[in-house]
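J.: Quick one: the structure is below, questions incoming.
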């Protein structure tokens, strides 16, 4: 009998459909306690408005039905105007497809709908942005209609009966569009222009994800929880270098493939388990990439050298496969890995009955994490200009993060995705002001009592990029300004209200750091880090409120000096070598002598999942306490010691850890050989273009030049060199850090 029951279990496991590029880690079915934890998870999410009621769902369906009818009417009319035969006009069709969070079934209350208008071959893109746009103009219930034709994915945005809709367009190389059209068929991409392929890609990826998960309802609930957690923890933003909705969906889908029968509460825990131990930059794949004869560019590090430098690749499952996380930087990956580890520790506590789900959804206190911040301010003179300006500046903040983390003295630059209204007292000229905050961790320097750090060029390169982009697209108007200021944590109250800055209830990591076992480590870190509070800031820009509200005291016991330059533009006259008039002036960056190996992108040294899985290699798993060797704990201190951290007081029991390691070990043995062929070779190559040790051309101003940008920003680098060799520097930020 025992043998028969064992055979029955094996047969049932063989019959279960296999998802993903490896076999599952566990086929265990949920227990009663798992369902209880899942219901508690649902209850914890309800106050955040993640679930729509039946009435709201039906309203969305009605709106989409109206839009679908409008599209069919428009395509029929335009077919008739192009003298197609009546028999063809009657059957030409047309259809609206949804994608994104709405198609996945995880949209929240009030969320917009991403939709795709699919038209037959005789309908041009220009028709969509002209005649269909005009048709929408005269439609009842449509408000805030605007077209963004020059976007990466061209789109028409509008509000239809209270529902915001982003509508993109694609025409297929077929004569009619039937209601049962399947966009997952790769042949639909044949003979299409790149804009149509991009428009179709959203639907194709979304549909493919849903086809690659074992249980759609469990996937949706798990994804709702993970997306809410990511938003609450400040790591939900593709634009700023974190992850967007599609990337989070693919990570959750991969977790569902590894634990196909698990309940949502278990899957949330396993999500943190898998990705806190993932060896980036190994790619996350939902299926093996498929070959196609369409010759479209796909993500493939073996072919494309630039793909080898992606830090956190998550590959879309639909052809042409792309990396959805190309914006991720070293700093944003570091922050996310730390959050994965924090999430694992919290869910361990929850599933042990020591805590509840609300703890997982607690926001971090970003303004208590770091000792140093950069305040980025975007201002404009009118509300309309401000909305445009803020959108452009925000889209370029990741350029600033990249500049800062390439600075040899900076370990981490952490941008808070939330923007804040500016203090009007400090920006009396402009009534519309937005601020972003970047937490900075400075790197220690061996055998140095103090270090002079100049961030001027990092900031100026960023502001030049934004102004130049605005000028190129004719957006730049009078009153549009960017300012960057260095402030210390104790100065933040000049910028933000007390309720935002006040210390919240201690987080799990704060509790662990305050435990006695970590006191010795903290003191050793402080003694080897130049990120102390006794630093000297000699370059805070003119607009810092500190200079106006807190006079410097040179006789203070700590020797702290806080002085700010009094003018917005620092004019530095230097004896520079003569330069021919036709050439630009090249000034080396401060600290240009950088060891190339120190600035190259490298894989984190987490030793939990081996990079190469060989036939004769038995994976050996260790569990380092630091997220990445040499990676900073996100508390404003650069962690560069190799000491082993004592076991945290809230760590799970040893037997639980052992079980988790067995799960991961099983996963390792089954992991795909997709990455084997290139891992060893590619890791030897380092991106030289990310090294910050080369000279940067500093643009100069010709005083005889008649045309100036409205923003008074520096002109482009082709400007002639003035005869008096005066270098104009804006947003000057210089500071001195003492040990």
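Each Cβ is built from the backbone N, Cα and C atoms, and glycine gets one as well.
Sharing the feature lines straight out of Swiss-Prot:
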MOD_RES   2  N6-acetyllysine
MOD_RES   23  phosphoserine
BINDING   99, 100, 101, 108, 112, 113, 114, 166, 227, 236, 245, 246  ATP binding site
BINDING   112, 114  Mg(2+) 1 binding site
BINDING   112, 114, 166  Mg(2+) 2 binding site
SITE      152  site 'Interaction with RNA'
SITE      157  site 'Interaction with RNA'
SITE      327  site 'Interaction with RNA'
SITE      398  site 'Interaction with RNA'
REGION    506-566  region 'Disordered'
COMPBIAS  509-531  compositional bias 'Polar residues'
MOD_RES   524  phosphoserine
SITE      531  site 'Interaction with RNA'
COMPBIAS  538-556  compositional bias 'Polar residues'
MOD_RES   602  phosphoserine
MOD_RES   651  phosphoserine
REGION    677-725  region 'Disordered'
MOD_RES   711  phosphoserine
J.: Rounded to an integer, what is the Cα-Cα distance in Å between residue 23 (phosphoserine) and residue 157 (site 'Interaction with RNA')?
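T.: Their Cα atoms are separated by 43 Å.
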J.: Could you check the recorded positions 23, 101, 327 and say which one's CB has the fewest neighbouring CB atoms inside 10 Å?
T.: 23
J.: Among the binding-site residues 112, 114, 166, whose Cβ has the fewest other Cβ atoms within 10 Å?
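T.: Comparing Cβ neighbours within 10 Å for the binding-site residues 112, 114, 166, 112 has the fewest.
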J.: Relative to the mean position of the Cβ atoms of 112, 114, 166, the recorded Mg(2+) 2 site, which additional same-chain residues have Cβ within 8 Å?
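T.: Going along the sequence, the neighbours come out as 100, 102, 113, 115, 157, 164, 165, 167.
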J.: With residue 101 (ATP binding site) as the reference Cα, tell me which of the recorded positions 152, 157, 166, 327, 398 is the closest one.
T.: 166
J.: Reduced to three states, what secondary structure does DSSP give residue 99 (ATP binding site)?
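T.: Going by the DSSP assignment, residue 99 (ATP binding site) falls within a strand, counted as strand.
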J.: Once near-sequence residues are set aside, which residues in the chain of residue 227 (ATP binding site), 6 or more away, have Cβ atoms under 8 Å from its Cβ?
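T.: Looking at Cβ-Cβ distances below 8 Å from residue 227 (ATP binding site), excluding near sequence neighbours, one finds 101, 106, 236, 245, 248.
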J.: Nearest to residue 166 (Mg(2+) 2 binding site) by Cα distance: which of the recorded positions 99, 152, 327 is it?
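T.: Nearest listed residue in space: 99.
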J.: Between the recorded sites 157, 398, whose Cβ has more other Cβ atoms within 10 Å than any of the rest?
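T.: Per the Cβ count within 10 Å, the most buried is 398.
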J.: Using Cβ atoms only, which residues of the same chain lie under 8 Å from residue 99 (ATP binding site) while being at least 6 residues apart in sequence?
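T.: Spatial neighbours, sequence-distant, of residue 99 (ATP binding site): 114, 115, 116, 202, 203, 205, 206, 207.
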J.: Need this for a regression test: recorded positions 112, 152, 157, 327, filtered to those with Cα within 10 Å of residue 398 (site 'Interaction with RNA'). What's left?
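T.: Checking each Cα against residue 398 (site 'Interaction with RNA'), the hits are 327.
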J.: Which number gives the other C-beta atoms within 10 angstroms of the C-beta of residue 245 (ATP binding site), all protein chains shown included?
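T.: Total other Cβ atoms inside 10 Å, all chains included: 20.
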J.: Of 112, 152, 157, which is closest to residue 327 (site 'Interaction with RNA') if I measure between C-alpha atoms? They're all recorded positions.
T.: 152
